[in-house]
Every structure is written in structure tokens, then in C-alpha cells.
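*Asks:* Below are the features listed in TrEMBL for this protein:
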DOMAIN    1-89  domain 'C2'
DOMAIN    100-240  domain 'C2'
DOMAIN    306-500  domain 'Ras-GAP'
DOMAIN    555-656  domain 'PH'
Amino acid sequence: EAKHLVPNKMRDVFCTINLDQEEVFRTQVVEKSLSPYFGEEFYFEIPRTFQWLSFYIYDKSVLQKDLRIGKVSIKKDDLCNYTGKESWFLLQPIDSNSEVQGKVHLELKLNELITDNGSVCQQLVVHIKECHGLPLINGQNCDPYATVSLVGPSRNDQKKTKVKKKTSNPQFNETFHFEVTRSSSYTKKSQFQVEEEDIEKLEVRVDLWNNGNLVQDVFLGEIKVPVKVLRNDSFQAWYLLQPRENGNKSSKTDDLGSLRLNICYTEDYVLPSEYYASLRNLLLKSSDVQPISASAAYILSEVCRDKYDAVLPLVRLLLHHNKLVPFVTAVAELDLKDTQEANTVFRGNTLATRCVDEMMKIVGRHYLKVTLKPVLDEICESPKPCEIDPIKLKEGDNVEIHMENLRYYVDKVFREIVRSSISCPTLMCDVFYSLRHLAAKRFPNDPHVQYSAVSSFVFLRFFAVAVVSPHTFHLRPHHPDAQTSRTLTLISKAIQTLGSWGSLTKSKLSSFKETFMCEFFKTFQEEKFTESVKKFLDDVSSTESKEPSGLSEPVHLKEGEMYKRAQGRTRIGKKNFKKRWFCLTSREFTYHKQQDKEPIFTIPIKNILAVEKLDESSFNKKNMFQVLHGEKPLYIQANNCVEASEWIEALCRVTRCNQKRLNFYHPSAFLNGNWLCCKATIENTVGCARCTADVPADTQIEIDGDRETERIYSLFTVNISKLQKLEEACGSIAVYQGPQKEPDDYSNFTIEDSVATFHTLKQIIDTVEKLNDCHEKYRKKRSSSAKYGSE
């Protein structure tokens, strides 16, 4: 959320997330507010190097360009200081001198020359090779040039490269010479002294600019290198472009307002798979350890300050190796030991409930889409008023009509849910079957507990949550507006209540805090809904094999708006780029003129031969990729680097088993009679570059086992002191079998079997220390290959 934005008028506000200058996400517009609440969450992989993660607040304009109010920029190196915390940041003014992105490749050399009169002078040679990743200017590739200067207290010698047209990765390859010392000018000092004085104060400055032609040139960034570092050396390196130090500093930063963010940033160096064998095996055998509290997976969740940090990689790893169901069963059984009343089964935030929540999010995404998306689209696109709270009703509102509207929506959502059991993923059914039988075993005298064990997840934690925030489950592209959000909240409350009717002995009406909800539920026939819920819960917690719904209905994987190059020719004979809506399912890749229209072009998945990036030089456009199939390549431009990376990964995953996949491809396009990459003149000639390796992941569940194991290793590393204290505690319990002097370090930890726990802790610590050595070797290798000024 933002607070206290510049108070000259009420604003329509939105916020963007940027990697350097590239926008990768934007929130919905909050209308007429100086303290807008966005409440949006974005999760994304970062596919390239970057310097700054920035958040820009905009004032939406209908007729003119949107006005940037202010920004929050966090340097990559500082992200770890804010991760996992909620922080308020003051908005900073937006200054063109600080809006930089990209890097420049330089070679610098200091030569000694003998002049005509026999004296020695020094010459600086600056070879500016290329730049990479310069920003777009007004949505287009820039026309960059560089100025190269030798700057000192009393000199500023400047030279300039040629302008390169329409590129973010210009190849300059220009060399400039500067005289560093001029011996004949200084008669009172020795040559040595002059050299010392000059070199200490001189620096090379390279400024990048966008050539504005008829308008002012735009500053793109600068780098400075002291000449003294070159005294006995010459080197080349990549330098990240920096903001100008003398940018327009404003003294009134407080006036712009502030922004509240919760950032979670992780950066892992994933080693080859064989390095993780010991840790992976230790985690995967967790469900076999007796008691479960002595297993590596359980210990991980106990030592992490926030259980969620441990649950996400753990669930993904266990899912990837088909070990999740036995682990959830074991931790759920431990949960039930501490549960005293049947009506509180699986209601807390324990390891078992967190694991099931995360599993449902990963495995149940397609299930939610086929079940809820059509009805949620109807509610969000043509919403009917549904407010039934007397306090929130406006003058002239008819509460009876509102109640009818709400009843219509609730009936429709409920009907879709209870009819959806055939689409419920087998893995979810297996987990629900296990939970149901564990609960019945724990409370044998309560006939309803077997149902509440399942409904507490599938209704309360799955469907009800997806209804109230459809954008977080990718069921809707944006956060709904305030009125629709309120309607979804009321529907969600109703679904929670109806879901619990089939699992409780008495009506839930008495538990409603709001009397208006009691009145609403008096219109429902409880018996009819109870039977529907029970039948649904029976179906989704059964291990009987379901009809393979995937065969009758393709799995929807990804959709969105991008640009594609025309397949045919336009009237004037030049191929152009058109905006289209793309849709990827497990069966075909299509594009449409607009969303929900019939496809214009379809490629069956089995016909896709390769999916690869396309060199920017082909069309002077960034974030391009190509889909190779039986006909000519389909060239597509995504809106940003994150989106391009996600589409390439999704397409690679779904086509990885295609039998006719290519081994070689052309990284550039075929234009004007030849391939730009290899200059071959035959269009159907074999590619000149090897195709990238297959993505090792499941079509519907995107998991990289090594990466998840590396994340778990990082969590163990951060908490190594806790592991060591626990090891000591287990050792002393095993030896003395009595109360300990300092229980605080492990008093919140479950130690059922000190010997088994001690054994597992020792294995974890040994494995982590071995991986530490591997990472240390990698770090040394990485730092020794880095040069001054490199990334």
C-alpha cells in the first residue's frame, strides 16, 4: 500500500515493479485515492543480471502519458537486508540522471611513448567494445552513442563514438587515444613528479547517451575508472552503468509519500546434481524414520523461524520424488496426537496443514481453473450488487434483490464445486483419504470427524481462499475492484459454511458473528446441501481410480498478450508485428485476435520441434523467442524478460517428449535471402547452433529437485547454530535422562526420541559441512575469474 501521496488532488494510482528500467509487473489501478491499498502479490524468477529492484508509483492519465509520482529503488546487494520483512519506504523523486540500466565492455591500456625530442610521455588507450542491456526509450530500442573523456582538475578531453541505430546491445569497437603527460609543458618539475601528480588525479569517464535527433539526448548511465589503477597493467572488463553522482537531488523527498512492501529475495548457486545426493536421500527417507519428529524434514521445519520457508522447498522436493503422501500421513498423525477435540481437527498452522496447503496450491491449480474460472469470470465481468450488511447498504439499495443475487452466485459456485470431484487430482484424493482415516481412527466415536478432516482443507483452505482472491491463483488477471471483492468475500464465507454442514452434527448458524449472514442462511435447505457436501467429500477422499479427465480435456498451462511477426505479407510488402492473445494447453499452442475469440492459428504440441530465444539483432527488438514447427518459424515478442523466460520454459516443458525435436537451430532470422547468424542462403538448411537442453520438469508441476535441495541446504546453513544446540541437548538428554539446565534453546522443539534425533542431526550437520566445502571451492573459483569492474 502507499500512504500520503502528493496531496494536490485525488489520484487514480497504480504501481509497477521494475528490474532496473524494465517493467515486469503492474498492479491494478486504485481510483481516487492518496493512500491506495493494492494488496497484490507477485512471484517471479529473475532471468537476467540486474542492479536495482524498483517500484514506481504512477498517476493514471486517460489522455496523456501516465505521470510518475515517485519511486523506491533497492540495490540488489541490499535486498537481503529487507527480505522477509514488511517495511515502509519513503518515495524518492524520479531523476533522469539516476534512471540507468545495462553494462559496457571496455579495454584500457597505459602506453609509454618516446617523443620526437627523446622524452618519455604516457598515452592512454581506451577501446570501447560494446554495451549490453540498455533500456528501451518510449518503448523502443534506443539510438545509443558513447562519450569517452579523460578528466582531471584542469582538463576534460572528450571524444565521441558513432551513433548506433535501434539497438539495446550496440557494438561500438572504437579506440580512442589520450595523452596523459606532456613533459615539455613542465620545466620546473621532473618528468616523474609530473606523472605522479597527473595520474593520481585523472580518471576515465564513459557516458552513454540516446541520440534524440530533434529532441534532447537522454542520459543512459556512466562509469568512472581512475587512471592510477592502470599504472602497470592493462585489462578489459564489463562495467555496470551507474547513475550520475551530481543528479538533481531534491530536499523534499518526504512530500512524495511512502510505500509499504514485503519482499522475499533468494539467490542460490545450484551445484551439479551429484553434490546433493546425501542431503536429498536424508530428506527423502524422512517418512520412514520413527518417530517422524526425528526425521530431517521435520527438523528442518522446527529450526526455521518461519515454517513457510521450510515448507515450500520441502513439499516441492517430496512431490518431485513421489514421497509427499507418506510424509504428510506421518506428520498428520503426530498432529492428531495433540488434538483433544474432534471439532478442532487440522485447524491450526502446523507442519501437516502447511504441507497440505502448499500441495493443493501446486497440484490443484488446473483443478481450480476448470472448476471455478467460468463462474468467477461471470461474477467479475458483469457483477450484480450483493451487499446484505445493513451498515454497508447505500440509500436506495434493495436488500431483497441483493440477497437474491448473492444466493444465485453462491448456488452456482457451490454447484460447480460439488460436481467437480471427477477433476480432483489423484494426489489430492490420496492425501484426503489418508487424513480422513487418521481422523476417524483418532476419534472413533465421532462419525462426522472423517468429513471435517477433509472439508477443513478442500472447502476452507482451497476453494474458499481461491474465491476470495482469484488473482493469486491465476484465475483472474488482476485484483478485483472493491465492490466485486466484497461480493467474493460474502460468497467465500457462504462456501465455508456450506462446506462444514456436511461434517458437523449441528447447524453453523449460531456461530455467525454477523446476524445478516444468519438471515441469509435461513433461506437454505440444510439437508439438501448436507447430502451434496457428504457425497463430494466421499468422492474426493476415495482411492478409487478416477476417469482420466486429462484425456478428454486439455490442461490449460499459460495465456497472455504478446506480439507476433506476421506470417504472410502486408499490402506494402513488409512483414509487421501484431498484438495477439496466446494460449498454451497440453494439446496445442494457439493465438487469437482477442481473448475468448476463436484461434487464428494453431500449432499442435506434437508438431513443435524447438523453442529458443531469438537474437535481438534480427528485428532490433528485445525479449524475442521463436517456435519452430513444420512451417516457417513463429517469431514472438514478449512484453518483458520475465514473461519471455516463463513462456520459453512452459513451451519447452510441454514439448520435451516430442520425438522429432531438433538438435540444431538458427539463433537469428532468415531475412533478405540469408540467415543473419551464419549467412547461409538456403532457408531450410540445418541450424548453426545447438538447441538448449531439455528442461527437467513435469508438464503440470514445475519442479527442479536440485534447486529445492539447494534451498533446503541454505536454510540448514542459516540455522546451523540451532542444529548444534539441539544436538548437544539430545546428547545430554540421552546421557542424563533428566531435566536440563538450559531448556530454552530447545524447549519448543519436539524431542520424542533423543537418540534417533541426535543421529539425524549428526547426519544433517555432516552433510551441510561437506556442501559448505563444495560451495567454498565454487566461490573461490568464481572470485579468481572475476576482474576489476566486472559484474
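Quick reminder: no glycine exception, Cβ is built from N, Cα and C everywhere.
Walk me through the surroundings of each of these features.
*Replies:* As a summary of secondary structure, the domain 'C2' (100-240) carries 18 helix, 74 strand, 49 coil according to DSSP.
In the predicted structure, the domain 'Ras-GAP' (306-500) carries a mean pLDDT of 89.
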*Asks:* Select the range from 1-89, 100-240, 555-656 that forms the most Cβ-Cβ pairs under 8 Å with the domain 'Ras-GAP' (306-500).
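*Replies:* Per the Cβ count, the answer is 1-89.
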